[in-house]
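Take a look at the structure below.
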């Protein structure tokens, strides 16, 4: 199996070198919000490779390391000689200080360890243009700069950090000890905008319209006269991929809709009617529910579930593709967050995404992932730009493994039915309350836990259903949704009264991190 790259080589971009910060994806996201394309690159990238990527700017992310420890994440020193503007954030500032001849010590030794919001006081600088002389920022550092490199000047301090911002304006190298990418830094977006537009001289013209034109051109060049298979789930991601591919290659696209028996209530019919009927996509439906459920019988480990579903999904494709001629490519709706969360060289795997892991190496297709540089909100914007209606673009996110990862433990038809029915009630009531645009994602989970209850005149011993509802911008971080109590009560009453084998409802009030959005 080979992967067709969707690297946007000719796009004006700022790259973020990944040093393992929990916030590094947010840096990239904030730069995109400014109108400049941005992507993460390994901290191991060489100066020659940076020159090949040809960015207009480089950001060194924060991270958990200490620059003076053996094995800490490093940087090719020649990158500082490329003449490309550089912004070091937190560990990134400490690293550039260390590499360019300054001094970094454990913050405890300097007496200036900082965690949480702090007041930054700055002097005039291109980085802080049009921001107040005093502003609130988020500090999160265990080490500190005590001496700055030659030709650098101090431009910012805080009560506990004498070098909160430094710069060498002649070489366009800047360092800040705080995190501008998080909302707690009140003028963080302005600082990043100053770096991107004023210092890096980026045009700020990145848009979904540009993305469509570039991707259509790239898809046509890649595919030629061959045919492409797309696994259509009816979710936002695969639907947007389908419409984008159809716009690029028309009838060369064949959509295979795999009904794996793990879909939401009424979803199979909706997919065929909506995308096959209204949009005219050529859809082949594969009824494979028994095949998937047989493979999943007795399996309770979530990673194993994902791998099984990922493998079976592609094997079904193989079966369908063998009936067709000139099919060379398989398209997937992999997002940038999927790629990031499946692990980098600075972070452990959070979970294996079915669009990233689990694909057999002997797969006979080449892989096309047109969305793998986009975040979720950008995919919605892309769908709108493609002329797709709101009820598709704003459809609830749904994982490829479907309800398999919303049933804890072993999957049974009874458990699946409790999730299908309870989820339908949840979606209906959230829409009735006018909250469907305010809540980024919401669904129900069969926890696998049974508890004692009383219904009518008898005792019950039935399942506990959890409601998960979160607010987010891009899926990288999330908070639980503050649904009004009266709405939650109505949902709870309906589920226990209308769904068999359920007698208890709980509400998940965990943010991301520490939890992921899905339970498995």
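Glycine is treated like the rest: Cβ placed from N, Cα and C.
The feature domain 'Glutamine amidotransferase type-1' is assigned by Swiss-Prot to 13-205, with sequence analysis given as support. Summarising the annotation, Swiss-Prot assigns active site, nucleophile to 90 and lists sequence analysis as the type of evidence. What Swiss-Prot lists as active site is 179, 181. The domain 'GMPS ATP-PPase' annotation in Swiss-Prot covers 206-395, and the record cites sequence analysis as its basis. Annotation source Swiss-Prot lists ATP binding site at 233, 234, 235, 236, 237, 238, 239, citing sequence analysis.
Positions of Swiss-Prot features highlighted on the structure.
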residue: 90; record: active site, nucleophile; contacts (Cβ under 8 Å, 6+ apart): 21, 61, 62, 63, 140, 141, 176, 177, 178, 179
residue: 181; record: active site; contacts (Cβ under 8 Å, 6+ apart): 23, 26, 27, 29, 30, 89, 188, 192
residue: 233; record: ATP binding site; contacts (Cβ under 8 Å, 6+ apart): 257, 258, 263, 271, 333, 398, 400, 402
residue: 234; record: ATP binding site; contacts (Cβ under 8 Å, 6+ apart): 257, 263, 267, 270, 271, 274, 275, 395, 398
residue: 235; record: ATP binding site; contacts (Cβ under 8 Å, 6+ apart): 333, 395, 397, 398
residue: 236; record: ATP binding site; contacts (Cβ under 8 Å, 6+ apart): 376, 379, 380, 383, 392, 393, 394, 395, 397
residue: 237; record: ATP binding site; contacts (Cβ under 8 Å, 6+ apart): 333, 334, 335, 371, 379, 397
residue: 238; record: ATP binding site; contacts (Cβ under 8 Å, 6+ apart): 230, 231, 232, 332, 333
residue: 239; record: ATP binding site; contacts (Cβ under 8 Å, 6+ apart): 232, 275, 383, 388, 392, 395
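For the recorded ATP site, residues 233, 234, 235, 236, 237, 238, 239 set the reference point as the centre of their Cβ atoms, and the other residues of that chain within 8 Å of it by Cβ are 232, 240, 241, 333, 395, 398.
Other C-beta atoms found within 10 angstroms of the C-beta of residue 179 (active site) number 23, with every protein chain shown included. Each residue in the domain 'Glutamine amidotransferase type-1' (13-205) has a pLDDT score, and their mean in this model is 92. Mapped onto three states, the DSSP output places residue 179 (active site) in coil. Mapped onto three states, the DSSP output places residue 90 (active site, nucleophile) in coil.
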